[in-house]
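Everything below concerns the one structure shown next.
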Amino acid sequence: MKELQTVLKNHFAIEFTDKKLLETAFTHTSYANEHRLLKISHNERLEFLGDAVLQLLISEYLYKKYPKKPEGDLSKLRAMIVREESLAGFARDCQFDQFIKLGKGEEKSGGRNRDTILGDAFEAFLGALLLDKDVAKVKEFIYQVMIPKVEAGEFEMITDYKTHLQELLQVNGDVAIRYQVISETGPAHDKVFDVEVLVEGKSIGQGQGRSKKLAEQEAAKNAVEKGLDSCI
């Protein structure tokens, strides 16, 4: 746990008073089950707490950020932000995947890369941070790690440009469409990706984003806005 404490201190200015609580947040049930005699606590209860505070803080942010959005739109956007896949991405950004304690079987089966385990650990960490500090510290962490991607539009793509581009290009038959990363810049928890979209090996658009998914959408948007003539 010392390496985790160093990451938290250096990247997020977080120092846990209760080190045992932090360890519990990163202990999966599979690890606790394999060490029953040691009576090790797992992170499910902390996950429950973290989920609640995350929902509250994201709801508060969206309510204040978008005063004209109806409740339905706010709920959909919140669901996109706090879904399993998104939380797993945030966990990876924070390097949390390196520190989760897994049982041997879970480790061998690829549990360290499983979105559900990573997302649960992220929520458990938020729960532990709430108990060790306060809701203000959790809010500070969320605003540092999550909100920049929200404001970059990663969870609010008005148009699915990748699908739209594919439909335009394949109207007369199948064509080979491929997206590739040109470059990655920035620290692990705040990367920026440059991506290009290629049709039959020819680059037809480029885009940038705080995730590969967002960068791909931007590249597709760039290609669509250029018009089909540039794609042939």
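Here the Cβ of each residue, glycine as well, is placed from N, Cα and C on the backbone.
What Swiss-Prot lists as domain 'RNase III' is 5-134. Across the residues of the domain 'RNase III' (5-134), the predicted structure has a mean pLDDT of 95.
Feature annotation from Swiss-Prot assigns Mg(2+) binding site to Glu47, Asp120, Glu123. Listed in sequence order, Leu46, Glu47, Gly50, Asp51, Leu54, Leu87 are the same-chain residues at least 6 apart in sequence whose CB falls under 8 Å from the CB of Glu123 (Mg(2+) binding site).
The active site annotation in Swiss-Prot covers Asp51 (among others) and rests on sequence analysis. All protein chains included, Asp51 (active site) registers 19 other Cβ atoms within 10 Å of its own Cβ.
Annotation comment: Swiss-Prot describes Glu123 (among others) as active site, evidence class sequence analysis.
Annotated domain 'DRBM' per Swiss-Prot: 160-229, in sequence order, evidence recorded as sequence analysis.
Of all the binding-site residues listed here (Glu47, Asp120), the one with the fewest other CB atoms within 10 A of its own CB is Glu47.
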